[in-house]
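What Swiss-Prot records for ASP246, ASP257, GLU423 is Mn(2+) 2 binding site. As annotated by Swiss-Prot, Mn(2+) 1 binding site applies to ASP257, HIS339, GLU384, GLU423.
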Amino acid sequence: MESLASLYKNHIATLQERTRDALARFKLDALLIHSGELFNVFLDDHPYPFKVNPQFKAWVPVTQVPNCWLLVDGVNKPKLWFYLPVDYWHNVEPLPTSFWTEDVEVIALPKADGIGSLLPAARGNIGYIGPVPERALQLGIEASNINPKGVIDYLHYYRSFKTEYELACMREAQKMAVNGHRAAEEAFRSGMSEFDINIAYLTATGHRDTDVPYSNIVALNEHAAVLHYTKLDHQAPEEMRSFLLDAGAEYNGYAADLTRTWSAKSDNDYAQLVKDVNDEQLALIATMKAGVSYVDYHIQFHQRIAKLLRKHQIITDMSEEAMVENDLTGPFMPHGIGHPLGLQVHDVAGFMQDDSGTHLAAPAKYPYLRYTRILQPGMVLTIEPGIYFIESLLAPWREGQFSKHFNWQKIEALKPFGGIRIEDNVVIHENNVENMTRDLKLA
């Protein structure tokens with residue numbers, strides 16, 4: 001495999017080319033990309049955890065340092081002002097020397113407010129990309145050039161096509177997340193609480209809870225019916241029935257996002273349903289290819305959900321086609337089949353049909369689908385179907401013409417298990433689909 005340094009060199013060349021094109025299209029001279037700043041909690045002197053500007057970490061794997069600035073023009077070596085204060089109160093990251101620093105000019109910035117004297121004097125035609133517009137105004141950036149929509153749309157669109165460097169980083173993030181999932185399953189099998197399972201996960205991945213790319217979903221029993229459950233009970237339930245873990249990891253700023261579901265017992269209806277959802281997820285991935293709309297795969301999985309609802313006699317006396325047509329599958333899988341993945345967990349440009357930002361919304365029937373694009377080589381996506389037993393979604397179906405088709409007794413028996421979700425991260429290639437998650441033998 002090529003070294004990360006050589007992959008990064010090519011990555012920078014790609015970003016430079018995209019920058020040249022964007023600057024030419026929008027008649028700008030350069031982009032000033034801000035890592036961000038710390039913001040204090042209201043009426044307090046403690047800051048919120050720092051989250052770096054994703055457009056900044058696209059260029060450099062600097063994810064924990066605020067007050068950094070990057071100047072890029074698509075021609076000259078990118079120039080990074082790296083915040084390096086004299087500070088005995090807080091940890092100060094040293095000036096980086098790593099695989100990537102040969103391709104970026106790194107300059108120490110001793111004072112956060114010192115950037116103004118270091119930038120080019122003529123700034124009227126520089127675009128600012130960052131989270132603090134007032135800082136850009138103070139630096140003399142034109143208001144119309146602060147986070148210009150056309151530039152951001154352009155950069156977001158092409159972020160969908162991962163470079164080989166980005167894919168290498170994402171494969172490393174997968175390894176970390178897989179380690180965490182294995183440790184979490186072991187903790188579940190030993191009877192730990194959600195809180196303690198989460199600690200086991202973080203320890204195995206080498207992350208703090210502020211470093212993971214999203215809040216871990218560690219859901220035992222009926223908590224698995226809450227799609228984004230993040231409470232973390234300190235006490236283990238008296239009876240362990242099920243465990244849904246949706247948790248990721250980050251490497252050089254790139255995310256992994258995996259979900260697995262386990263049954264405490266191997267010989268009940270729920271365990272068989274977990275196996276069947278897993279099998280159908282793999283079967284769907286086996287059909288995926290470039291040139292097909294992601295929406296089509298979402299719709300196809302509703303047909304697979306219908307098959308499972310019929311097989312497990314959760315819905316009875318109705319054809320699979322009629323289930324999908326009348327949206328009886330909807331309350332059981334209320335979210336989309338997945339989303340784009342990269343520098344952000346829900347990565348950008350999911351609805352963009354071109355580099356001008358043309359928007360194609362999700363189908364009205366499936367409003368929570370996060371991706372409506374045609375699959376193309378270089379795209380990275382999650383595939384995360386599920387079946388859940390959520391009373392607020394099932395309640396409207398308890399009356400009306402379709403109520404008789406719901407096996408309410410079976411549904412009540414499954415509700416204490418919460419739900420099921422299986423999620424892998426896949427890369428679209430020209431002639432195949434790479435499943436980064438299964439390649440690491442995570443069952």
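Numbering starts at 1 and runs along the chain as it is shown here.
Note that Cβ sites are derived from N, Cα and C of the backbone, with glycine treated the same way.
Here the structure is a predicted model, which means the values were calculated and not measured.
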Query raised in the report: If you take the centroid of the Cβ atoms of ASP257, HIS339, GLU384, GLU423, the listed Mn(2+) 1 site, which other residues of that chain have their Cβ within 8 Å of it?
Result: ASP246, LEU258, THR259, GLY338, LEU341, THR382, ILE383, ASP424, ASN425
Query raised in the report: Tell me, how many other CB atoms lie within 10 A of the CB of ASP257 (Mn(2+) 2 binding site), whichever protein chain they belong to?
Result: 25
Requested in this report: Within the same chain, and leaving aside ASP246, ASP257, GLU423, name every residue whose CB is within 8 angstroms of the centroid of the CB atoms belonging to the recorded Mn(2+) 2 site, in sequence order.
Outcome: ILE217, ALA247, GLY248, LEU258, THR259, THR382, GLU384, ARG421
Query raised in the report: Which ones in the same chain are close to GLU423 (Mn(2+) 2 binding site), with CB under 8 Å and 6+ residues apart in sequence?
Result: ASP246, ASP257, LEU258, THR259, ARG260, GLY338, THR382, ILE383, GLU384, THR437
Requested in this report: Sort out the sequence-distant neighbours of HIS339 (Mn(2+) 1 binding site) for me: same chain, 6+ apart, CB within less than 8 Å of its CB, listed by position.
Outcome: VAL345, HIS346, ASP347, GLY350, ARG370, TYR371, LEU381, THR382
Query raised in the report: How would DSSP class GLU384 (Mn(2+) 1 binding site) in three states?
Result: coil
Report task. Among the binding-site residues ASP246, GLU384, point out the residue whose Cβ has the most other Cβ atoms within 10 Å, with all shown protein chains included in the count. Result -> ASP246
